[in-house]
Each structure stands twice: as structure tokens, then as C-alpha cells.
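Worksheet for the structure shown next.
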Amino acid sequence: MRKIIINLLLPHLHQPLLPICAFVIIIFCLFVNTAAAAGEQNSTTPFSPITEAISPAGTIQQEAAASRKPAHMGSSNKKLLIPLLIAAASIVLGGGLVFFLLFYIYYYRKSNLHKHQHSTCLSRKRSVSVMEYKTLELATDNFQESNILGSGGFGCVYKAKLQPNFYVAVKRLAAGHPDSITEFQTEVDILSKIEHPNIISLLGYSILDQTRLLVYELMPFGSLETQLHGPSRGSALTWNLRMKIALDIA
């Protein structure tokens with residue numbers, strides 16, 4: 001009897017899926033081995049070599065059996081193999097569907113767990129609104145360069161118009177940056193804990209795949225850095241105003 005040995009090596013899949021794959025492969029091997037055994041059994045002649053050697057009529061009987069063999073052997077093999085192949089194909093197809101269904105459920109649950117971890121972490125902080133990515137995309141005119149307020153190592157800040165007289169600043173973190181997730185979480189942690197009139201507030205955030213957006217209050221006169229080191233070089237900031245800013249920051 002021919003033996004079929006299949007080495008099942010699926011280290012990259014989740015462990016609960018391995019028994020399903022192993023079961024499908026084992027059932028398929030049993031059907032193929034059964035078919036192979038049946039074929040070999042039907043191909044065996046009823047005469048042993050010893051009988052052929054001592055029987056004078058062995059040659060005649062063997063030739064007669066050989067002449068009758070094609071008449072029934074082919075049809076019997078087909079009758080046996082066709083149902084087995086259909087059954088094996090059905091089992092493999094059904095097992096494949098079950099496998100892909102379980103893989104989809106596993107991937108879907110993993111994706112939801114990843115989103116739930118972000119939501120849980122943010123819910124411990126001050127209330128922060130979750131905004132639709134499409135809304136922010138439209139508010140920034142599809143992140144046009146003309147709406148860029150500034151840029152840094154982790155992304156760009158865009159001016160966004162949510163309502164006719166309501167503007168916000170949207171920071172889009174670079175998706176390919178290895179520290180973008182850490183930067184996202186750090187800003188949420190800091191701005192969620194600090195409430196100060198001289199520090200901008202975090203209004204909301206949005207997550208779409210690997211893209212993360214942070215929505216802040218818009219500073220109509222720019223940042224302190226712009227006032228100090230911008231084109232005006234701080235000419236609009238009097239000494240008393242500078243002292244007030246320093247004391248407020250302290």
C-alpha cells in the first residue's frame with residue numbers, strides 16, 4: 001500500500017486553526033490511501049507464482065484471466081474512485097471554506113481589539129471626541145499644501161474649516177514613521193491631562209488604518225515661536241507682554 005506523508009508546517013497561523021487544517025489533510029490522505037489500496041487489490045491476479053509454475057494449465061488460465069481483466073476491472077475502478085474523489089474534493093473544499101472563515105474571524109477580532117485598545121486608553125483621559133476621517137479630509141480640502149500651517153519630524157499641521165466660522169488645526173502624523181504611534185499617544189496623554197488657558201486644547205482625533213489625525217484649537221495669531229522668531233522677530237511683543245507670557249508659562 002502506498003503511503004502519503006504530508007508534513008504540516010504552518011507556524012505563521014494562529015494555533016487554534018492548526019487542528020482544522022490537520023483534520024482536513026488527514027481525511028484527504030485516508031481517502032487517497034483507500035483508493036490506492038483498492039486499485040492495487042483489483043490489479044492482483046488470483047494466481048500465485050507457485051500455482052503458475054506447477055499447473056500445466058496455468059498459462060492458459062492466466063491468459064484467460066488476462067483477457068477477462070479489461071472487461072470488468074476498468075469499470076470497477078471507476079465506480080470506486082469517482083465517489084472517493086468526489087468525497088475527498090468535497091471535504092477539502094468544505095475544510096478550506098471553514099479555514100478561511102476562521103481566519104477572517106480571527107483577523108477581524110484582532111483588528112477590533114487593536115482599535116479597542118486605543119479607545120480604552122483614550123477613554124481614561126479627559127473626554128476627547130472621535131471625528132470622521134472623511135470630515136477632516138474635506139475640511140482641509142484633501143490636505144492641500146496651501147492649508148499647511150507648519151511641519152515637523154512627525155508630520156504636517158493643516159488649517160481646517162469645520163463650519164463657516166469655526167477653524168481648527170489638524171495634525172496628520174506620518175504613517176511610515178516608526179515613532180508615529182508613540183508620538184500620537186504622547187500628545188494625547190499630555191494634552192488630556194493639562195488644562196491651561198495658554199495651552200491649546202485637544203478637540204479630537206481620528207484613526208484610519210495607519211493614518212492618525214489630531215485636532216487642536218486653532219491659534220489665529222500663530223504660535224509663540226512664530227511670534228518670537230517669525231518675520232516680525234517679536235516686534236509686536238512688548239517687554240511687559242513678554243514677562244506676562246513667561247509668568248503664565250511658569
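Indices start at 1 and increase along the chain as displayed.
Glycine is treated like the rest: Cβ placed from N, Cα and C.
A TrEMBL annotation is a machine prediction, not a hand-curated record.
What TrEMBL records for K171 is ATP binding site. Annotation comment: TrEMBL describes 143-250 as domain 'Protein kinase'. If you look up TrEMBL, you'll see 20-39, 80-107 marked as transmembrane segment.
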| request: Determine how many residues of the domain 'Protein kinase' (143-250) DSSP places in helix, in strand and in coil. | output: 34 helix, 36 strand, 38 coil
| remark: Cβ-Cβ distance under 8 Å, sequence separation of 6 or more, same chain as K171 (ATP binding site); the residues meeting this, in order, are G155, C156, V157, Y158, L213, L214, V215, Y216
| task | Averaged across the domain 'Protein kinase' (143-250), what pLDDT does the model get? Just tell me the whole number, please. | result | 80
